[in-house]
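Chemist: Below are the structure tokens for one structure; questions will follow.
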């Protein structure tokens, strides 16, 4: 257990620090948002570029990992959609529930945990997770949200394409694509430029956790508590369980070959709380209260569930 606490305690101590400095007024919520923009638009794109450009393309893409992560995510979308439909929720709350159940915070929480757990694999895991989430899971969830909006008359396939194009324009995706291009042409950066990018990349880990903690201060804690609890439970337990089931089934039939480290990484990645933009997307549906409750519950509850998954997997 001491080994598990050596991983989870620094993560949650840093999140707690972020909460404290905003709660005490040492930094404002607006300043935290600026830090978050720095991480999303500068530090993490630099990290992805550095991770991808410095490796051979065959070392970057691991189809087995992406298959497991993608299938587990799709299964979570299907199960959560069915569960929320059985609960007689309206389309907007159902779409909110599906997104919260399926889209993990791979960047702000997952990456720092992977740095402590598998330091040599952390950048690769973030890259693979980001590819699956950006190209598959998040667009599907965004389409469900758009379909829930009665004012939107676009066909689903057009909405999927629109969501995908928006995601491809994100600095994170641009950094990843530039890194892939550099890897393909075997580009060697001048040493000063390489060190500059590495320095920016190194700033992502701790600051991202501080931002997560600071963002929890002042969340509107009113809304559908039952829905928030269901979303939290599915995200923290069902999603990683379905990914783990995909690992077991595909391995049993000889369809994938993953190292023990990558098997653990893909399950733990799915066990992360929902991503930070969740409450932003919820605002369009006027459901930010339920989303905020789910984010708070999942972020705090993950201390227990992640510890249990780490204890089992490591």
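Placement of Cβ uses the backbone N, Cα and C atoms for every residue, glycine included.
Please treat TrEMBL annotations as automatic predictions, because they have not gone through curation.
Got these off TrEMBL a minute ago, pasting:
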{"type": "TRANSMEM", "residues": "6-23", "note": "transmembrane segment"}
{"type": "TRANSMEM", "residues": "35-53", "note": "transmembrane segment"}
{"type": "TRANSMEM", "residues": "65-84", "note": "transmembrane segment"}
{"type": "TRANSMEM", "residues": "96-118", "note": "transmembrane segment"}
{"type": "TRANSMEM", "residues": "124-147", "note": "transmembrane segment"}
{"type": "TRANSMEM", "residues": "167-185", "note": "transmembrane segment"}
{"type": "TRANSMEM", "residues": "197-221", "note": "transmembrane segment"}
{"type": "TRANSMEM", "residues": "233-256", "note": "transmembrane segment"}
{"type": "TRANSMEM", "residues": "262-281", "note": "transmembrane segment"}
{"type": "TRANSMEM", "residues": "293-313", "note": "transmembrane segment"}
Chemist: Who are the long-range neighbours of the transmembrane segment (262-281) in its own chain, taking Cβ under 8 Å and residues 6 or more past its ends?
Modeler: 36, 62, 64-65, 68-69, 72-73, 76, 99-101, 103-110, 113-114, 117-118, 121, 125, 129, 133, 142, 145, 211-212, 215, 219, 231, 235-236, 239-240, 242-244, 247, 251, 288, 291-292, 294-295, 298-299, 301-302, 305-306, 309-310, 313-314
Chemist: May I ask for the residues of the chain that lie six or more residues beyond the transmembrane segment (197-221) and have a Cβ under 8 Å from a Cβ within it?
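Modeler: 11, 14-23, 27, 29, 32-33, 35-36, 38-39, 42-44, 46-47, 49-51, 105, 107-109, 111-112, 115, 189, 276, 279, 288-289, 292-293, 295-296, 299.
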Chemist: Under a Cβ pair cut-off of under 8 Å, which of the recorded stretches 6-23, 96-118, 124-147, 167-185, 233-256 contacts the transmembrane segment (65-84) most often?
Modeler: 233-256
Chemist: Considering only the recorded stretches 35-53, 96-118, 124-147, 167-185, 233-256, state which has the highest number of Cβ pairs under 8 Å to the transmembrane segment (6-23).
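Modeler: The stretch with the most contacts is 96-118.
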Chemist: Flag the pair the transmembrane segment (35-53) / the transmembrane segment (293-313) as in contact if three or more Cβ pairs fall under 8 Å (sequence separation 6 or more).
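Modeler: Since fewer than 3 Cβ pairs under 8 Å link them, the transmembrane segment (35-53) and the transmembrane segment (293-313) do not come into contact.
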Chemist: If I count Cβ-Cβ pairs under 8 A between the transmembrane segment (167-185) and each of 96-118, 124-147, 233-256, 293-313, which range comes out on top?
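Modeler: Counting Cβ pairs under 8 Å, the winner is 124-147.
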Chemist: Using Cβ distances below 8 Å and needing 3 or more such pairs, separated by at least 6 in sequence, tell me whether the transmembrane segment (293-313) contacts the transmembrane segment (96-118).
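Modeler: Judged by the Cβ rule, the two regions touch, with the required three close pairs present.
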